[in-house]
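S.K.: The structure is given below, and queries will be raised subsequently.
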Amino acid sequence: MTITVQGAPLMAFLLASVRIVAWLAVVPPFSSKAVPSMAKIVIALGLSFVVAPSLAEGRLPSSTPELLMVVVTQVAVGLGMGFVTMLLFSAVSTAGALIDVFGGFALAAAFDPLSMNQNTIFGSWHQWLATALLLVSGGHLLVIGGLLETFSFLPLTGTPDFAGWQPVLITAFQMFFTVAVQIALPLIAVLFLADLALALLTKVAPQLSAINIMYPAKIGMTLLLVGLSFPVLPHAVDRLVDYSLQAMSTMSGAS
């Protein structure tokens, strides 16, 4: 029995997998060390099967130099879109890290072998919670669908408008800081006022030894405020998903 493999669909399949692998390499939770490299490759190959038939009907590279240029372009496009997506979803963990700093938990930072970074308690907790919300709500399917949709606007041999990426990156950074501050600012304000009140109490009535109750009180207050802030996170994740879809669409030249 002879098995015949057509060259165009195979080339489209492999080139599409390059963009998807580059995207998965930087986007959480797929970029985590907890996700094996083989699993990332299998996911990328599976997603490539979806878009390969339509891409095979379009123009494909016809020479080795052009093929190498397309591979480099797909890596750059995948990494660029992945960086923007990663930056947006890092806003939630950054909010947790800010809470750690003002809540006194930053000193308890520990090395996380999964991210290969020093992570704080609430920074890691918010990252896990955001990932759980993303998976439970099906947001990861929307983001992956947005990635596959970019092949419609930016085919394999298309030329990306890298100059047009600048406004997207600027807006992504703005969204990153805005969401992080919106989540953490109410807690930071309350914790700052608590520190100020305890400092005044120490000056006014030093015999009360307010310093002895400062840290337990801040820990308890931080835990309470973090619990009260949880209802804000689903809305924040929803906003981040929406803008990540918009950003990838814009970077692919859809608008």
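Numbers here mean position along the shown chain, with the first residue as 1.
Cβ atoms are placed via backbone N, Cα and C, with glycine included.
Those TrEMBL annotations? Automatic predictions, nothing curated.
What TrEMBL records for this protein is below:
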- 7-26: transmembrane segment (TRANSMEM)
- 38-55: transmembrane segment (TRANSMEM)
- 67-89: transmembrane segment (TRANSMEM)
- 95-116: transmembrane segment (TRANSMEM)
- 128-148: transmembrane segment (TRANSMEM)
- 168-201: transmembrane segment (TRANSMEM)
- 213-233: transmembrane segment (TRANSMEM)
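Explain the structural surroundings of these features, please.
M.R.: For the transmembrane segment (38-55), same-chain residues at least 6 beyond its ends with a Cβ under 8 Å from one of its own Cβ atoms are 9, 12-17, 20-21, 24-25, 30, 144, 147-148, 151-152, 155-156.
Within the chain carrying the transmembrane segment (67-89), a Cβ under 8 angstroms from the stretch's Cβ atoms is held by residues 15-16, 18-28, 31, 61, 130, 134, 143, 147, 150, 154, 156-157, 159-160, 162, 165, 168-169, 172-173, 175-176, 179, 240, 243-244, 247-248, 251-252, all 6 or more beyond its ends.
Long-range contacts of the transmembrane segment (213-233) within the same chain: residues 92, 99, 103-105, 122, 126, 129-130, 133, 182-183, 186-187, 190-191, 194-195, 198, each at least 6 residues beyond the stretch ends and with a Cβ under 8 Å from a Cβ of the stretch.
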S.K.: In terms of Cβ proximity under 8 Å, which residues at least six beyond the ends of the transmembrane segment (128-148) contact it?
M.R.: 20, 23, 27-29, 47, 50-51, 81, 85, 89, 92-93, 230, 233-234, 236-238, 241, 244-245, 248-249
